[in-house]
Amino acid sequence: MKNLRNRSFLTLLDFSRQEVEFLLTLSEDLKRAKYIGTEKPMLKNKNIALLFEKDSTRTRCAFEVAAHDQGANVTYLGPTGSQMGKKETTKDTARVLGGMYDGIEYRGFSQRTVETLAEYSGVPVWNGLTDEDHPTQVLADFLTAKEVLKKDYADINFTYVGDGRNNVANALMQGAAIMGMNFHLVCPKELNPTDELLNRCKNIAAENGGNILITDDIDQGVKGSDVIYTDVWVSMGEPDEVWKERLELLKPYQVNKEIMDKTGNPNVIFEHCLPSFHNADTKIGQQIFEKYGIREMEVTDEVFESKASVVFQEAENRMHTIKAVMVATLGEF
């Protein structure tokens with residue numbers, strides 16, 4: 001699909017259903033080729049900058065492995081690895097990196113930052129995560145659901161439970177609308193997505209034969225789901241009072257066996273973008289337990305470790321789908 005050549009990947013809302021389907025099909029093809037040893041490098045002699053204002057395990061590893069598999073060279077610029085925002089404007093950084101690199105990945109805070117990089121760099125820019133959006137994650141989520149459920153995308157009933165305002169919830173709603181899915185967002189009313197985004201997604205869903213439901217009624221929201229999805233409730237760096245208020249709001253929305261059973265679907269699967277606070281076995285998890293008495297946050301360990309959980313297949317698919325995005329926008333077919 002030549003019209004993806006040299007395009008940036010900033011938000012799924014920039015892409016048509018046909019284009020998203022193309023990226024997902026290409027992901028399947030590249031994954032198959034890697035598994036059977038027939039992968040052909042289509043990014044040979046390309047130089048890629050990975051610009052991270054936020055640390056990451058999956059996003060960094062996915063981009064680096066995908067790039068190396070495809071023959072590209074990678075430079076990682078971590079939170080202290082560039083002058084962007086400190087001694088140099090985003091606009092200037094974009095023009096500097098655009099003169100040296102063939103593509104730029106950005107993972108950080110503001111959606112406006114990744115948009116500025118795309119506007120001024122002159123090369124494809126890929127959104128690895130912002131506070132508002134997480135489009136590469138959604139490609140992996142959808143691919144995993146199709147692989148496990150053996151259903152067409154439009155036939156998947158996809159439900160997100162938790163903080164309806166966060167970047168993953170936003171991106172999933174966008175993607176589901178584009179793909180014509182039946183999408184439910186189950187969250188407290190105080191954490192509903194913005195009206196602007198919701199109305200836009202509802203219009204897109206209607207055009208594609210899909211449906212979007214926003215509800216705080218857990219029973220109504222999860223009934224008939226093929227996928228139950230959640231994400232962490234809090235982010236590092238937020239004030240204590242924000243954590244306390246949000247934890248109280250979201251306690252009833254913890255994904256546990258009861259919620260999985262309420263779907264009425266014995267084949268329902270559980271997805272999560274990771275990392276997850278499903279126990280107190282991490283430094284942050286222990287701090288949360290000591291301060292708030294919560295040992296399991298957004299999902300119980302029982303569900304996380306159950307046969308319904310596909311989170312590690314989903315994590316692997318970050319690499320295959322990110323590879324597809326880079327190949328489609330930068331590769332030599």
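The backbone N, Cα and C atoms fix where each Cβ goes, and this holds for glycine too.
Database features (Swiss-Prot):
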BINDING   Ser56, Thr57, Arg58, Thr59, Gln83, Arg107, His134, Pro135, Thr136, Gln137, Cys273, Leu274, Arg318  carbamoyl phosphate binding site
BINDING   Asn167, Asp231, Ser235, Met236  L-ornithine binding site
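Location within the structure of each feature annotated in Swiss-Prot.
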| residue | record | Cβ contacts under 8 Å, 6 or more apart |
| --- | --- | --- |
| Ser56 | carbamoyl phosphate binding site | Arg107, Gly128, Leu129 |
| Arg58 | carbamoyl phosphate binding site | Cys273, Leu274, Ala315, Arg318 |
| Gln83 | carbamoyl phosphate binding site | Thr93 |
| His134 | carbamoyl phosphate binding site | Asn127, Asn167, Val168, Asn170, Ala171, Cys273 |
| Thr136 | carbamoyl phosphate binding site | Phe9, Thr59, Ala62, Trp126, Asn127, Gly128, Leu129, Arg318, Thr321, Ile322, Val325 |
| Asp231 | L-ornithine binding site | Tyr160, Gly162, Asp163, Asn166, Val168, Ala169, His272, Cys273, Glu298 |
| Ser235 | L-ornithine binding site | none |
Given the carbamoyl phosphate binding site residues Ser56, Thr57, Arg58, Thr59, Gln83, Arg107, His134, Pro135, Thr136, Gln137, Cys273, Leu274, Arg318 in the record, what is the largest Cα to Cα distance, rounded to whole Å? 29
For His134 (carbamoyl phosphate binding site), the three-state class that DSSP assigns: coil
How many neighbouring Cβ atoms, not counting its own, are there within 10 Å of the Cβ of Arg318 (carbamoyl phosphate binding site)? 27
Cys273 (carbamoyl phosphate binding site), number of other Cβ atoms within 10 Å: 26
So, three-state DSSP: helix, strand or coil for Arg58 (carbamoyl phosphate binding site)? helix
